Amino acid sequence: MSTDTKQIIADALLKNEQAMYGPFFGSLGVTSAMAFAAAGSAYGTAKAGTGIASMAVARPDLVMKAIIPVVMAGIVAIYGLVVAVIVSGKVEPAGANYTINNAFSQFAGGLVCGLCGLGAGYAIGIAGDAGVRALSQQPRMFVGMILILIFAEVLGLYGMIVALILGAT
């Protein structure tokens, strides 16, 4: 193989590595992180909020204790926001410094954070709704509800950690 042919192949590979659609996937990762995490947070807030509303009729004295699931569901959206802001700062126009590997890493990180946030929000909403309703029947259920909510919240935290590792490369 001649040196001219090798140079043509090397130039073609470099052009593919610095494709013009790279920033699209980086931006899609940013969008995925925020949109899915916010959707999970919204579901968790709504589901836990309806449980609080139904519990407050019988036991209005426990409303401030019962608001914890709503706060924890809101934190899931903050995880998505943190990842979206950090990853968006690393998305660059297509060129020598921004490769497909960077773009796909940012896309994967955003998707991981978003989908973990979606799952965490759903888990917090369902567990929070059941926990708040149980709290109105038996106030000693508070510690058990908090433990279950912490385990659900950690799902979103793990997603954020993995997303920051992927998006930082």
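Positions of Cβ are set from backbone N, Cα and C atoms, glycine also.
As recorded in Swiss-Prot, the features of this protein are as follows:
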type	residues	note
SITE	GLU153	site 'Essential for proton translocation'
TOPO_DOM	1-23	topological domain 'Lumenal'
TOPO_DOM	45-66	topological domain 'Cytoplasmic'
TOPO_DOM	88-106	topological domain 'Lumenal'
TOPO_DOM	128-145	topological domain 'Cytoplasmic'
TRANSMEM	24-44	transmembrane segment
TRANSMEM	67-87	transmembrane segment
TRANSMEM	107-127	transmembrane segment
TRANSMEM	146-166	transmembrane segment
Residue numbers, six or more beyond the limits of the topological domain 'Cytoplasmic' (45-66), whose CB comes under 8 Å of its CB atoms: 73-74, 121, 124-126, 128-133, 135-136, 139, 142
Cβ-Cβ neighbours of GLU153 (site 'Essential for proton translocation') (radius 10 Å): 22
Tertiary contacts of the topological domain 'Lumenal' (88-106), as residues 6+ beyond its ends and Cβ separation under 8 Å: 16-27, 29-30, 166-169
Cβ-Cβ under 8 Å with the topological domain 'Cytoplasmic' (128-145): same-chain residues at least 6 beyond its ends: 44, 47-48, 50-52, 54-55, 58-59, 62, 65-66, 68-70, 72-73
Average pLDDT across the topological domain 'Lumenal' (1-23), rounded to a whole number: 69
